[in-house]
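*Asks:* Quick one: this structure, given as structure tokens, is what I'll be asking you about.
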Amino acid sequence: MSWLWGSTTNPQFEELAEKACSPLNLPYPQSEDIATALEVADMIRSKAIQPKMAMQSLKKRIASKNGRVQMYAIGLTDTCIKNGGDHFLLEVASKEFVDELSNLIKATTTSPEVKQMLIKYFQQWALAFKSKSELSFFVEVYNELRASGITFPPPPAPVPSHLLTTTTAPAWVDSDACMRCRSAFTFTNRKHHCRNCGLVFDQACSSHSMPLPKYGITEEVRVCDGCWAKAGRNKADAPAPAVPGRTPRSRADLDADLQRAIELSLAESQHSQNRHHSHFTPSEPPLAHGTVEDEDEQMRLAIEASLRDMEARPSAPAGLGEAPEPEYRPLPTFDLSPRENETILTFSNTMDQMAAYGERDLRRFPHAHVLAEQANTVGGRLRRNVEEKSTKQQMLMEMQDKLSQAVNLYGQILDGQQAYAAKRAHEEQARRYQQQQSYYTQQYQPQPQLYGQYPPNGYQAFVPPQQAYQPPQPQPEAQAQHAPSLYPTMPYTTPNFTSPPQERVYPQQSHSSPYSQWSPAPSHVQPGLARQASVVVPPVSSPVPAGVQRQASMTYGAPIPVAEQSQRQQQQYASAPPFASGAAPVDIPSAPPPVNLSTHPNSPQRHSYIPSHPQTQTQTQYESQPQEIPSQQDMQYGASAPPPDSLGSYVSEGTVGSAKSGLEQEHAASQIQPQPQPQASAQTQTQSQSQLQAQPQQNQYAAQTQLPAGMYNAASFPQPLPPTIFPDAPVEAPKGLEKEEKEEALLIEL
């Protein structure tokens, strides 16, 4: 109680300050003790030491020669400024303390670490003191230091205003009489100050004492009766109920509790035996026997009673409906009772009536002052009730917001799942569609054919897949007359086309050539021109060397016997591989010779429907009927082929006579081949005119004199072909073909 008499020294404060700023501590802030610093601040706030003495003690340690002590002293001063109270701030802002700090900042002998730390905290304190006018001296010194060139760090964030707000005990008020009972102070009736409110009372009105933690006072001090009543200390005099696990209990208390439990158990057992005497047999042996002589008889009886109670209970758990509901203590509430509500309503109605009458005289309402006192008494509880309801409303609103957010998040999750499922379905559908497209593309993609699969003559006949070979149908004679034939008539022996040929079934392939789908239908091909499509030979203006000849061209020094020619043809037919499309090729002696595709890889292949004739008929036609072609045949050949002088000279003896008719048939087949150009209609008209002009000339071949068998002349053989007989044939016909055909037709007529 030394602080009550205003003592200048406090050993406890000095001890704590020395402990917090000891030179034996580790470098700052490794050994900073926050608990000790707060105890020092509480002593200053509770006025256990005078603020001036506390300031001087801290100043002495800040001015120490030890840099470590200085740094810990500056940290302790900062803690005391924030928790010491306004009375300590006045001493900190005094000229004595501020000058000491400014001198340390300006001194050159100060340690750099101490100087930097002092500048930092000096700036923080100055910025915090700007809001208080009584601390303006500290701010003025701070501005002077900045103006003098002292470098301060950048200003920190605005310091909160409540940082320096500290609850401290109020200042004492002096008076000549007690402020409660109004009794004058005398020599015997001394005055006392309440440490809670600062007012002055006599002994009768301030006889209570209690600690004041809110002011940093941990020991009991004098308070008045009013502060005592407000704190509710009179209700706290009764002993508080013991809380299990928190209140220390002695062995005697435990023994007393055990004895009490035994007595209650015995009483309950005796009561149950009296009520249910018929359920127990007196000859029942005890469940527990005393084996120790000093065993307490009451303990044994209590244990037996407890065991019997456990056996009497059913082993099965009780149903949910039979389980006793736990009793919950009602929550504290500030709701008004019905009587209090009635009191407030009555007072409110009374005041409304007085306002309606406009009278200020309370004599007509004698109970108004009583109602006012009762309403005033209930007012505090009503305010707390309103605050409680407002708090609950705020909590419910926050819970509602959280529920709304949860619902929104759940909806977003569901939307995301649906969108993801739709996206997956769309991707799966697109993937299946691509698989189907790739499957169809692979299934209908034309398979490439190797060069070795083509027939030796370089042509391939089209036969619809999965169809057997069928003999050619006999053509009417009238139709044969109208169709101009490119072959001369045989006067000696005419092959019988109407006789049934030898039927053959050729192996079929599962696929067809990709060009076969563009071939013309068989019904549109004239019977006389039904032959494999050949290549259109462009006119060659330069002479061909005599040494360069086709493989199939043969020069005869003497007539070749028919048997040898037939044997060569049979060997050629036997060595020819089958067609790629499944139908056997028809090798005609007058047809172009086979082409080596290795030397002509780019030659386009054209296919047409060819009514194939049996091989035996073809052999009999050309083996037994050598013919002589009159001179008019050369004119017809000149109408459809280049002139003889542009193709070279004849061989001395001649070549195979059937080669000329083969070239004519190739030229006719190239005219029948469909062209994708818009000039197809004009070409068709030109072809029909040339065929009508060539028909009377063909009829004259039968009337001319034929040479005997085995005799040939120069006119019976065609001109030698150029070496490039099978170049890359163009798909389109030459543009000047129609004009040349018309001129040739006019020359023939002349």
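Using the three backbone atoms N, Cα and C, a Cβ is placed for every residue, glycine included.
Below, the features straight out of Swiss-Prot:
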COMPBIAS  447-484  compositional bias 'Low complexity'
COMPBIAS  491-501  compositional bias 'Polar residues'
COMPBIAS  507-520  compositional bias 'Low complexity'
COMPBIAS  565-585  compositional bias 'Low complexity'
COMPBIAS  596-606  compositional bias 'Polar residues'
COMPBIAS  613-635  compositional bias 'Polar residues'
COMPBIAS  668-706  compositional bias 'Low complexity'
DOMAIN    24-153  domain 'VHS'
DOMAIN    253-272  domain 'UIM 1'
DOMAIN    294-313  domain 'UIM 2'
REGION    268-292  region 'Disordered'
REGION    314-336  region 'Disordered'
REGION    447-530  region 'Disordered'
REGION    564-739  region 'Disordered'
ZN_FING   172-232  zinc finger
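Please situate the listed features within the shown structure.
*Replies:* Each residue in the domain 'VHS' (24-153) gets a DSSP state, and the totals come to 95 helix, 0 strand, 35 coil.
Under DSSP, residues within the domain 'UIM 1' (253-272) fall into helix, strand and coil as 20 helix, 0 strand, 0 coil.
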*Asks:* Mean pLDDT, the domain 'UIM 2' (294-313)?
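*Replies:* Mean pLDDT for the domain 'UIM 2' (294-313): 69.
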*Asks:* Pull the DSSP breakdown for the zinc finger (172-232) and write it out as helix, strand, coil residue counts.
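*Replies:* Residue counts in helix, strand and coil order: 10 helix, 20 strand, 31 coil.
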